[in-house]
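Feature annotations, courtesy of TrEMBL:
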ACT_SITE  Glu80  active site, proton acceptor
ACT_SITE  Lys179  active site, proton donor
ACT_SITE  Cys212  active site, nucleophile
DOMAIN    31-307  domain 'CN hydrolase'
SIGNAL    1-22  signal peptide
Amino acid sequence: MLPSWPLLHAGVFALVVLQAFAADTFIAAVYEHAVILPDPTEKPVSHNVALALMNKNMDILEGAIKEAAQQGAHIIVTPEDGIYGWKFTRESIYPYLEDIPDPVVDWIPCTDPSRFGPAPVQERLSCMARNNSIYVVANIGDKKLCNSSDPTCPSDGRYQYNTDVVFDPEGKLVARYHKYNLFIIEKQFDYPKEPEAITFETPFGKFGIFTCFDILFYEPAVVLVSKMQVDTVLFPTAWMNVLPFLTAVEFHSAWAMGMRVNVLAANTHKPSLAMTGSGIYAPDGARAYSYNMKTEDGQLLVAELDAHPCLSPASPPAVSWSSYALNVERFSQNDHDFTGTIFHNQFTFTELTKPEGNLTVCQKDLCCHLTYKMEAKRDDEVYVLGALDGLHVVEGQYYLQICTLLKCKSTDLDTCGQPVETAETKFEMFSLSGTFGTNYVFPEVLYSGVQLAPGEFEVLKDGRLISKRKPTKPVVTVTLFGRWYEKD
């Protein structure tokens, strides 16, 4: 018996409503991969040896991709260096590179693998996406020939790029990004002549992509969010954690909150090099994350995200980062401010000598204000309020303004700023603000054991980072990490 037209119409309408609702969210996955590394050599190995090593890594990635798809994931991000590692010279990495075309060519390597010459890695990644009906994001190496008419052409006649690729659920190449901000040890790669702002559309939002060190710079990271207005950032990385502010999970989560965008961060896993920390982050906090320095195992994370986070009721409001701090009278200042170094930067500190109070510490144009209350003041732990206003010039040049409530490594004030992962002091409340000259500020709260605090803090419209309730774990740091791009 055929259904009546009213029932049929109602059924179709219900299906349309369900499809529309489904498009408002999506399932994301990231995989933190314990990369199988090649033997160190300055001489190139054969292409077959290089491909054998890459296939070993892709075997593991393929298993993670299948598992993610079985859990309903629409997209999975895998790490920077996840297919061949990082122990290379310019010459020794060459056998691992492929010629990656511009995605405008409308190419599915899985079904047409030889269209642009040998491309076994792209073919296999494309088939992983196609066979599992999932977007696959991976990091590989691109090679492009050049000649003497190009004044910037390297002496070996080719450009070599650290490259992210994205394949859609049909296996089609839909995005290619060449890393612009290379880390100091990436001597094997070139950077493109101009930064690339790479985006692509999906049924669940507009996506952008960049790699690792790029996140600390205006181009392409901020451009993608502020000008291209992407909903979600794909972020393959090989991040070496630097406490207290630049551990992967806290900084990438903070960046998602500060930029009000989703971030899918997939890190390589190598505890001996302090490489760990992956996550699925939304503007209102981490949806899933992992930080594991104890084992050598990889980790798959899967979580649901809003497709358009800026439209979500859970999205935090726009913030005027200096509004409160510029209009409040300075809190009391201790007579014994002192200096200390964090990651080669000289901070001005003042000690929290009482179990509760209001403090201000200043450096140059930045004044940081703190209101706090400890559950109890311990004799074996020291906390400080710190301010930094200056240009960082070690592995790159970038201007920072940082306000931080920070646990010192020991009761010796000379240890303030040294790496510390654990704490015992619990706080009843905290409120941190600063007179920032930049609108790009990233809020971080890190608990003992390098644990995040999703849902336990918020940033008010006037720029105060406050505890929403009594913190459930001891605090390592509460930080407002500002990047003043215009002063770089």
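Cβ from N, Cα, C; glycine included.
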Measuring Cα to Cα, how far is Cys212 (active site, nucleophile) from the residue listed as 'active site, proton donor' in Å?
9
Just to verify a number: CA distance, Lys179 (active site, proton donor) to Glu80 (active site, proton acceptor), in angstrom, no decimals.
10
Over the domain 'CN hydrolase' (31-307), what does the predicted model average in pLDDT?
97
Return the count of C-beta atoms lying within 10 angstroms of the C-beta of Lys179 (active site, proton donor), excluding that atom itself.
27
